[in-house]
Amino acid sequence: MVTLRETITKLVKDFDIKGDNDSGQNFLVDENVLEIEINEAHLVSEDTILDIGAGFGSIETKASKKCHVIAIERDIKCYSYLIDKYEINANIQIVNADALNMIYPEFTKIVSNPPYNIADRIIEKISHYNFADSIMILPKTMADELCSIQSHTSFSAINKLFMEFYKIMEVERTSFFPEPRVTSVMVRIKKKENNILQDTFRRREMTLKNAIRNAVINIDKKTKRQSKESLSEISEDIKKFWDKQVKSLNFEEIETVIANLK
């Protein structure tokens, strides 16, 4: 019986895929890891999963037996292969698009091993969507930061407002072809309920003051007058920099906002 590793290795060579660390094209070839990833997603027939960076369809083959799958693949060679392989599978929808520059179709869960060169931006993008528990394989340094109790970067501090991250297992470099430079971690992601902090940090182009005011109106259903009254109660620590755009806040300022708006 031909193994997943043998299949993927041959496809990469046959399609002349220049898998490298710059493009982030590192294909999962460890069948045990793939099996765990699918099982950890607890898929049911009512689910529609999103796979960002579908590659040659390893996730699709297994997940489509349980539920509907939306496979997003930018590489035209991989996309063409997926179309040929799954054109008669009604449970698989294949989309040729840049996952960073599209609106995702409706889905319930994410099961994905995104290209590592865009993994941080994918995490930020999915924070704006609602979904049930999801499974992703991420670079270890990123996963460790997201799964830690204490944040050390703006990236993790903000994304942990929207989602909870839990480490499932480490995934060795040899589980991929070509091998990435780094070890990976399989992570469970739980979406948090919307709140004022989330709503504030979604308004990246606004000043912090206006972002908080609009978040109070949206989440607490207060009038503009009531929101102004709420602003008067804001900590002086926040007022020191609340004329800055939300996207311009540094890590220390973000931590101050989080500590005072909880």
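The backbone N, Cα and C atoms fix where each Cβ goes, glycine too.
Residues or ranges marked as S-adenosyl-L-methionine binding site in TrEMBL: Asn26, Leu28, Gly53, Glu73, Asp98, Asn113. Residues or ranges marked as domain 'Ribosomal RNA adenine methylase transferase N-terminal' by TrEMBL: 33-193.
Recorded features from TrEMBL, shown on the structure.
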residue: Asn26; record: S-adenosyl-L-methionine binding site; CB count, 10 Å: 25
residue: Leu28; record: S-adenosyl-L-methionine binding site; CB count, 10 Å: 22
residue: Gly53; record: S-adenosyl-L-methionine binding site; CB count, 10 Å: 24
residue: Glu73; record: S-adenosyl-L-methionine binding site; CB count, 10 Å: 25
residue: Asp98; record: S-adenosyl-L-methionine binding site; CB count, 10 Å: 9
residue: Asn113; record: S-adenosyl-L-methionine binding site; CB count, 10 Å: 29
Pairwise C-alpha maximum, in angstrom, for the residues (Asn26, Leu28, Gly53, Glu73, Asp98, Asn113) that bind S-adenosyl-L-methionine according to the record: 20
Coarse DSSP state, helix versus strand versus coil, of Leu28 (S-adenosyl-L-methionine binding site): strand
